[in-house]
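Annotation source TrEMBL lists signal peptide at 1-23. Summarising the annotation, TrEMBL assigns transmembrane segment to 433-455, 498-521, 533-556, 568-592, 598-626, 647-680, 686-714, 726-744, 756-785.
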Amino acid sequence: MQRNNILFLVLLVLYSGVISVSAADAAAATTKPLVKRVKTVGPDRKKYKELQADMKSQASAAAVRVAAEAVDPKAIRRERERSHRREKVKERRVAFEKARRKPRTILVNKDQIDTKTLTKINNQKRLNTKEKKQIENIELKTYRDLRKQGVDEVSNTKQSKMLREYRLRNKKRRGVFRKKESSMAQILFPGVSPEDYMRDEKVWIYTDLVESRLTPVPFDVYDLPGYFEEVETRWLKKQRLRRNLGSRLLGHDLKPAPFDLQVEKDMPCTVFGKSYIGSKELQWLRQLVERQYRVHLQLDSLPVLLKSHDLNFALRGYPIGFKLPDDKKIYLYNHFKFTITYHEDPSTFQGVRITGFEVHPVSVMHDAMGESCSGYNVENQSDRSTFVSLEKELGKTPVLFSYDVKWVPNEDIEWSDRWDVYLVGSPDDEIHYYSIVNSLMIVVVMTAAIASIMVRTLRNDIAGYNEIVDLEEGDDETGWKLVHGDVFRAPAFSPMALSILVGTGVQIGVAGFLAVILSVIHVTNAMNKGQMLTSLILLYVFCGSIAGYVSSRVYTLAKGTAWKLNTFLTATALPGFCVVMFSILNIFLSVVNAASSVSFLTICVLFILWICVASPLVFLGAFVGLRFKSIEVSCKTNSIARIIPDSIWSTAPAVTAMVGGVLPFGAVCIELAFIMSALWLHQLYYVMGFLLAVGVVLLATCAQVAIVMCYLQLCAEDYRWWWKSFWNCATGGIYILLYSIWFLTSRLKMVGGLPVVIYMTYMTMISLLFGIFCGSIGFLSSLWFTKKIYGSVKLD
């Protein structure tokens, strides 16, 4: 009773306070009578309850909240802020849906189709099969005619834009775990809004890596002789601090280039660097040109493009130099003509939006006596005498590096269409669908085999065995039941190693699946440099508890006692191997001054994550696993091991392991080709939904292969399934390694010994991780299967 009185007094003080005029005006019209009644309520408990009931019956929940907040100016201010945020979110959602529902662009003239079909297209209604076929035939004919007329797909014209949209239409349709989008920008960078620039605003061009398809050894632009003088500013230092762990490991370090750019302001030829190229620099530049190194720059997150309208291609970055087809001399590019296209629409947004970033490099010998662009005309590209040759040492003659900038307005290309030109030459998503269909066919075949074996044969076996036990005719037992006294016998060879591999494989699988899922739901983005690698490393570290738990459970099942050593090796075996291999490669990269060489501070961060985060989590998981009771099995292990009968060559462990590894590799081989191209050929890979689907199919394939192989082995009265179930799937990693060797010899044309060593080292590590993951799935699936079948029969 006393508590209720105190509550009533508190409410009375709140409601009888002075209500400001602004608070009363902010209240909704429906709540004004309620607020007025709040003022007139006296200290009567009955009247207060009546008021409370009246408020619940007359007003909505929102009106009640506003009435309660009317006595608090701060609450009203918070409500206004919430309302303002809701309006902003609503505006962005409406704009996003408007962009998503943009009418489909068709590559036909309106007079080529009937009015009914055109109305359906404009209203985004579904077309019937006949109408779709008609549109597709007309579009294909129009596309071929335009290409014959010389219309390319990389220009900024309206016709080129229509050709690009026609080529990229399949990429924008609904995909695996992805909605249909109206532009590639929404697929590559979901949720990213455009940046609006005002006239005469200063913008920065950023320098990225100098890379080549012939070698995985990148360099920093500022390491090239005479190219740039690094701009040390406070803003640059802050930018460097924003690099994530993955970008540091990959060597990506965006730095502002010394180009003076202002929005909508053309720049004439301007010198930004001077260099005296000596013998060492000359030899290095020749080597970079011969190995086809390209300089990568960025403006407003757009990589610079080198376009050829005659050859209909667009490549990211520009080469350092060139060799003429009929001349063995090597020439250096030292003048860069930048063309920046932009789109402006005053009715929609203020300022301009950058929609294209192109470069046209030129080799020209400037007037070395001055520090300007006087001398030869940079437009003259046919006179070889004006080129900067790298055939002989230039000595004391300096080479001037210059640039000019041209801003070009373009109303045909919008901000959402600016990424289309980067993906014109990439394969269609239909190939990814073929990959999934190929993997699903393997799963269907394996499922049918398991259904035939496990449902029909196994059921008959269990029924027969149970009938034999009932009739006390157990002496005539044959098949897999004969080994029930040895099926759960610990392996003779290192059960600790098996438990470590299984625990580590589960850790790899959980971290990999979580990283892909986070990318699918747009928490991370694979297009952002280093973000995917950062998420993989952090998830692997935080999944250490899973590795410790699984490893301890398997080790106790094998009757192991040295749990401390088992946990320690689980925490250190695979990470230690990878760190040692990475450190050795880092030494070689540091010797050649590669941009991908990692600093000592970054290595210290990796060690801290490993020693201070991952290892304690492994011990925590092992502690939890040891607290639980050991995994229960339905069969007691005999004191004397059963003699295993002789087997034919086709059931030998090496044969079954190599046969079993084919199917997991076959489930991922098509998608693996795209991943390898993204890793080593610098192509874009963004279809994470397909990758997640292939991963699920791989999981099912490994489980099914392991179960079938384990059943056949037990039927042959061989109870040594522990290690065999692991190797039957883990050999998929061997096929990954063999595929990487084929990829090296057929697709890559690496030059030098160090690039091959780097490639093979990284692919060996990837194959090892893949094999450990597949092997852990195989072992756990076989363990579940043996527990099920031996728990379903009556044993003596």
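Using the three backbone atoms N, Cα and C, a Cβ is placed for every residue, glycine included.
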Distant-in-sequence neighbours of the transmembrane segment (598-626), which means Cβ under 8 A and at least six residues beyond its ends: 245, 248-249, 537-538, 540-553, 556, 563, 566-567, 570-572, 575, 579, 582-583, 586
Best-contacting stretch, by C-beta pairs under 8 Å, relative to the transmembrane segment (533-556) and drawn from 433-455, 498-521, 568-592, 647-680, 756-785: 498-521
Contact set, same chain, for the transmembrane segment (756-785): CB under 8 Å, 6 or more residues outside the stretch: 216-217, 498, 501-506, 508-509, 512, 550, 554, 574, 578, 581, 585, 588-589, 660-661, 664, 680, 698-699, 702-707, 709-711, 721-722, 725-734, 736-737, 740-741, 744, 748, 750
Criterion met for the transmembrane segment (498-521) and the transmembrane segment (686-714) (at least three Cβ pairs under 8 Å): yes
Residues of the parent chain within Cβ reach of the transmembrane segment (433-455), under 8 Å, 6 or more residues beyond its termini: 176, 663, 666-671, 690, 693-694, 697-698, 700-701, 704-705, 707-708, 711
